[in-house]
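Beneath this line is the structure, given in structure tokens, with notes to follow.
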Amino acid sequence: MASSEEDGTNGGASEAGEEKEAPGRRRRLGLLATVWLTFYNIAMTAGWLVLAIAMVRFYMEKGTHKGLYKSIQKTLKFFQTFALLEIVHCLIGIVPTSVIVAGVQVSSRIFMVWLITHSIKPIQNEESVVLFLVAWTVTEITRYSFYTFSLLDHLPYFIKWARYNFFIILYPVGVVGELLTIYAALPYVKKTGMFSIRLPNKYNVSFDYYYFLLITMASYIPLFPQLYFHMLRQRRKVLHGEVIVEKDD
């Protein structure tokens, strides 16, 4: 499930286990991390802007969404796969976001791009694909712009406002688009048995991709409200200065 809840891309290097390291080296590591993260976020902002322009240009020229995915798929695949670096950033400690949170966010996008839309060509012209592509594109332009300006210590209020308001509409739209796309893929997956492992085989294991997709769709039911309301709490905290008290489970 696409989510933009993490707010940790601040360029701060982790100092866990580095208590005896010279302060000068820690500062250099922090500077290097900040430079790299600034470059990364500028590149990702530019990439999603290119994607947005390509989508608008295609629709203006063709007047239809059919063929849109095919026309932008290389750019989409490159920049979405490039986002795997965000997991690496967490692993090496240059951002304070949880590895699990980053992993879920990035892997859900990779799953939709490579294992659904890329692999099941008959669904590429579905309107639901355009739905999540538009939601992702606006979300990512806003998110990476927010990170870039934050790293540069010059965050325009509009970018901050957009970061914590656009998701109110875009997040549900993206989720609906993803769910409808997976649903559209089900008949093809069931008919072809793609990615499924049948018994008997020498490993004595089985896997049914069709039922895996059903379980994936069902997982949105508990996850979406949890993530959405977390983001709403973050919005109140950042934009309105409310103190949010998290209840212990």
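Cβ coordinates come from backbone N, Cα and C, glycine included.
The following features are taken from Swiss-Prot:
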{"type": "ACT_SITE", "residues": "Y171", "note": "active site"}
{"type": "ACT_SITE", "residues": "E178", "note": "active site"}
{"type": "CARBOHYD", "residues": "N204", "note": "N-linked glycosylation site"}
{"type": "REGION", "residues": "1-22", "note": "region 'Disordered'"}
{"type": "TOPO_DOM", "residues": "1-36", "note": "topological domain 'Cytoplasmic'"}
{"type": "TOPO_DOM", "residues": "57-75", "note": "topological domain 'Lumenal'"}
{"type": "TOPO_DOM", "residues": "93-102", "note": "topological domain 'Cytoplasmic'"}
{"type": "TOPO_DOM", "residues": "121-126", "note": "topological domain 'Lumenal'"}
{"type": "TOPO_DOM", "residues": "142-164", "note": "topological domain 'Cytoplasmic'"}
{"type": "TOPO_DOM", "residues": "183-212", "note": "topological domain 'Lumenal'"}
{"type": "TOPO_DOM", "residues": "231-249", "note": "topological domain 'Cytoplasmic'"}
{"type": "TRANSMEM", "residues": "37-56", "note": "transmembrane segment"}
{"type": "TRANSMEM", "residues": "76-92", "note": "transmembrane segment"}
{"type": "TRANSMEM", "residues": "103-120", "note": "transmembrane segment"}
{"type": "TRANSMEM", "residues": "127-141", "note": "transmembrane segment"}
{"type": "TRANSMEM", "residues": "165-182", "note": "transmembrane segment"}
{"type": "TRANSMEM", "residues": "213-230", "note": "transmembrane segment"}
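Counted as Cβ pairs under 8 Å, contacts with the transmembrane segment (103-120) are highest for 76-92 among 37-56, 76-92, 127-141, 165-182, 213-230. The separation of E178 (active site) from N204 (N-linked glycosylation site), Cα to Cα, is 33 Å. Using a 10 Å Cβ-Cβ cutoff, E178 (active site) registers 27 neighbours. Across the structure, E178 (active site) and Y171 (active site) are spaced 11 Å apart at their Cα atoms.
With the fewest other Cβ atoms inside 10 Å of its Cβ, the least crowded of the recorded positions Y171, N204 in this structure is N204. Long-range contacts of the topological domain 'Lumenal' (121-126) within the same chain, counting only residues at least 6 positions beyond its ends with a Cβ under 8 Å from a Cβ of the stretch, are 65-70, 180-181, 184-185, 188. The DSSP breakdown of the topological domain 'Lumenal' (57-75) into helical (H, G, I), extended (E, B) and coil residues amounts to 14 helix, 0 strand, 5 coil. Sequence-distant contacts of the topological domain 'Lumenal' (57-75) (same chain, six or more residues past either end, CB-CB distance under 8 Å): 47, 50-51, 117-118, 124-125, 127, 129-130, 133. According to DSSP, the topological domain 'Cytoplasmic' (93-102) comprises 4 helix, 0 strand, 6 coil. Cβ atoms under 8 Å from those of the topological domain 'Lumenal' (183-212) belong to residues 115-116, 119-120, 122-123, 126, 128 of the same chain, restricted to positions at least 6 beyond its ends.
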